[in-house]
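S.K.: So TrEMBL lists the following for this protein:
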DOMAIN    191-419  domain 'ABC transmembrane type-1'
TRANSMEM  31-49  transmembrane segment
TRANSMEM  69-90  transmembrane segment
TRANSMEM  126-152  transmembrane segment
TRANSMEM  190-214  transmembrane segment
TRANSMEM  226-246  transmembrane segment
TRANSMEM  288-310  transmembrane segment
TRANSMEM  335-354  transmembrane segment
TRANSMEM  398-420  transmembrane segment
């Protein structure tokens, strides 16, 4: 005989978590849901509510109240409250859905033992991903939320807790980027170079990587393993060491590039004789050196990735193209490149997003110099290295750095999502 339940009644009862489940004859689940709610209410009024209140006020007495700690703790408890509200919404859905299952004569676990069996049979994958969701919440969402909140405060060298209190200033930090001439000019210059850097450096390393992979994959090439080892050397050596080595090699006066390489090239190209290139004292030449270095550092990964893809392309496609009279460029354009793009598009896009935030090469090579463009930014600083300067200088601007961080995140996420969508990066059905 079918048990008739009223889904709306179950939904209304579940406004108090657990009662809807008890109405649906799931007493064990109802007791658990009700227990979770009771524990949450105790936690909320005893701990979370005062901390959320401190998040709003950010303290009242300088020296006693640490506004930064209050902000961080408030953000933490805010996340826990949101997690409970998600649980609350799932509780409502569960009560309504189970009531409908009773009416449709579907099996419904009523005992605790049956619930465990159902979880093991149907919910085991969810149990496995719960730890990753917890880790993601506190390793990613929590820092992002703290950064977001700091961007709306006046946290700088004039307001350092606990000596001074922080205040909420709304969107002032964002408007100051455009309103204050120093920050406006610096942000424009740094953003422009960041875009040029990310596009140029990433494209160079991708082109070199694909080109070397295609050459190494040709049947007439002898000693492929030797070439493979040589091409992987830049990847094998830690980037930290490579960048510092290049920094010494590009030294204007005693570096190997100016003292040995250019004189050697001058024997073939006479116009280079007697000319020392200001690699580290002229912003333009420094930028060129940075792009060349990133091409060297980044191409091995693209080489390995592309070589694996090339070796998986059936030779029948190239044989058919040869019979149809296709030349090398037509084979690459119509067979090789589409296959590379279909498989590696997400990875290729990630090269651009990585270089957009490639702090190490900018900082280690010439510390963002030479010279400055205002606002504490060096002439070769990208946005991420400018943020570092804003937070470590003699007059740190933490809230301004947080605002710039959010702008970077918005730019990178937006461009990445558009690129993924346009390239159908995750549509693998036709591959």
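Backbone N, Cα and C define each Cβ position, glycine as well.
Note that TrEMBL annotation is computational and uncurated.
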S.K.: Apart from its near flanks, which chain residues at least 6 from the ends of the transmembrane segment (288-310) lie with a Cβ under 8 angstroms of it?
M.R.: 197, 200-202, 204-206, 208-210, 212-214, 216-217, 228, 231-235, 239, 242-243, 246, 250, 279-280, 336, 339-340, 343-344, 347-348, 351, 355, 358, 361-362, 365, 380
S.K.: Excluding the flanking five residues on each side, which residues at least 6 beyond the ends of the transmembrane segment (69-90) place their CB within less than 8 Å of a CB in that stretch?
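M.R.: Distal contacts: 17, 36, 40, 43-44, 47-48, 51-52, 54-59, 137-138, 141-142, 145-146, 149-150, 153, 161, 166.
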S.K.: Apart from its near flanks, which chain residues at least 6 from the ends of the transmembrane segment (226-246) lie with a Cβ under 8 angstroms of it?
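M.R.: Contacts of the transmembrane segment (226-246) (Cβ under 8 Å, skipping residues fewer than 6 from its ends): 212, 216, 289, 293, 296-297, 299-301, 303-304, 307, 360-361, 364-365.
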